[in-house]
Amino acid sequence: MDMEVTEIKRPNSFSNKSGKRPQVSKRYSRERCYSFGSRPSIEKLRDNFVDRPKMSFRVVRSSKFRHVYGQALKREQCYDNIRVSKSSWDSTFCAVNPKFLAIIVESAGGGAFIVLPHNKVGRIPADHPLVGGHKGPVLDIAWCPHNDNVIASGSEDCVVKVWQIPDGGISRTLTEPVVDLVYHQRRVGLVLWHPTAQNVLLTAGSDNQIAIWNVGTGEVLISLDCHPDLIYSACWNWTGSKLVTTCRDKKIRIIDPRKGEVESEAIAHEGSKASRAIFLKHGLVFTTGFSRMSERQYTLRTPDALNEPIVTVEIDTSNGVMFPLYDPDTNLIYLCGKGDSVIRYFEVTPEPPFVHYINTFQTPDPQRGIGMMPKRGCDVATCEISKFYRLNNSGLCQVVSMTVPRKSELFQEDLYPDTLSDEASLTADEWLSGEDAEPCTMSLKGGYVSGRAQQLTVTKRTNALATGKDREKEKERERERRRDEEDKDNRSPTPRVDSHAGTPASATPPPTLNPLVEKQLSDLADEIRKLKSVVVKQENRIRALEATVKSLIPPIPSPAPDQPDHNHEENMAPDEV
């Protein structure tokens, strides 16, 4: 049987009937990469090649802050030649209010920071006066929200100092604070003022202790010992009734400071690097930190369920700690990383995904520290909603203005609701007794004008936490003051009669002195008394030495009357021989 032999040809996928390779669409090459799923059918892939009219359902979120842009001022309008601190402590190194700009600087023989009025721009001279009374490097500074002339500083010398800055700045180096707050046993790396109560200051040290002070009396109101390790950050809520902290043990805690109780705690971030947490205006908690793979991330949580974050977003991989700076009027959060050259800003809304990315401000130089101006110091005429002061490694303090573009030159009420004012809602005693109040607000219509300097007065009370030596020193000073007063009364002459009143002039009560002036006078009197005692001791010592020298050296015999004095001839001048 004859069989017909036919050649079997395999189809070549790389050629068609014309012998040419078909052109592959780039779109097809992209869309054919599938992972972790079944390969789609050829019919679906063919459908991708069919040009069909498509309707876009993408809706842009409506927000008046979508077009916020940052603009850096010219170098002539910034501050240059500043020796920014080289400390490795995770701090912003900068604090600003509508009157002054304060920056922690390098200083030999202790710690110091520089205070500049806003009009002193340009190159700062190297010998500019400093605020330098600390014996160790300054780690953190904070302006009082209720007095623009008062600033607190914490240092490695375990002491917190509160300073009074005169209007116009300082003309000479300031070394005498208004009050020294001594409680911590190790360095103090965090100082934070209360948002509503007058003269209430929170400090946290490396001894894992939190102290809440009444600066007006210089005493500790509350001490909290609920952290097993180093405290990274702390923040008050809107009314100042709660406190949120982050610790080296990776936990975030919400604390009732007046009761000293931890209401809730949870793991903030899995990473071992420093984390930060802030309270938002409506009670939510926003945190920044690191993941287990050292990726920077932020979370949004509710105080009732700290273990379950509402939002967790990973940003990038970097070593710099991110500082969240919050604007309660616009619900904008600015993330500024240490060593970064960008400022990212987000808007928090009730709609998912709750934290909306807006934009990024890019600069060529990395930032070492940053400070945020309160809303009272922003320019409402140019629709400026925030202003930042960036510290570069080159010694430049760059001013960055965040602006919402508007065509109208009128006051924009939607951008500037009533903001925090410089008035306190409560006193320290009222807050300690359990009262809470909303912060005082003010309208920015017409702009804000800073008031005159308010003098901070400190009335010392007996500190229950003071040691026995401190109490003895206070008692000794009080005895010396009484002795001085008695001596003055004994040395006073016979009282003269006032012809107008008909009573002795000494009967009129003496004018009351400022407690600060009285303290300075008493310290001066103590120094003079010590100096007198030193002088007397030195005089006695000199006399004793003179008597000893005279007893050891024999007296020189005088020449006899009949013998000539040859030494006298040798000592005479040539013309006298």
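A Cβ is built for glycine as well, from the same backbone N, Cα and C atoms used for every other residue.
Pulled from TrEMBL, these are the features on record:
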type	residues	note
COILED	521-548	coiled coil
COMPBIAS	1-10	compositional bias 'Basic and acidic residues'
COMPBIAS	18-27	compositional bias 'Basic residues'
COMPBIAS	468-491	compositional bias 'Basic and acidic residues'
DOMAIN	58-122	domain 'DUF1899'
REGION	1-27	region 'Disordered'
REGION	459-516	region 'Disordered'
REGION	551-577	region 'Disordered'
REPEAT	131-173	repeat 'WD'
REPEAT	181-223	repeat 'WD'
Other parts of the chain folded back onto the repeat 'WD' (131-173), taken as Cβ under 8 Å at six or more residues beyond its ends: 85, 87, 89, 91, 95-100, 102, 104, 107, 110-117, 120, 179-182, 184-193, 195, 198-199, 201, 203, 205, 213, 215, 374, 420, 422-424, 450-456
Tally of residues which DSSP labels helix, strand or coil - the repeat 'WD' (181-223): 0 helix, 25 strand, 18 coil
Composition by DSSP (helix, strand, coil) of residues within the domain 'DUF1899' (58-122): 3 helix, 24 strand, 38 coil
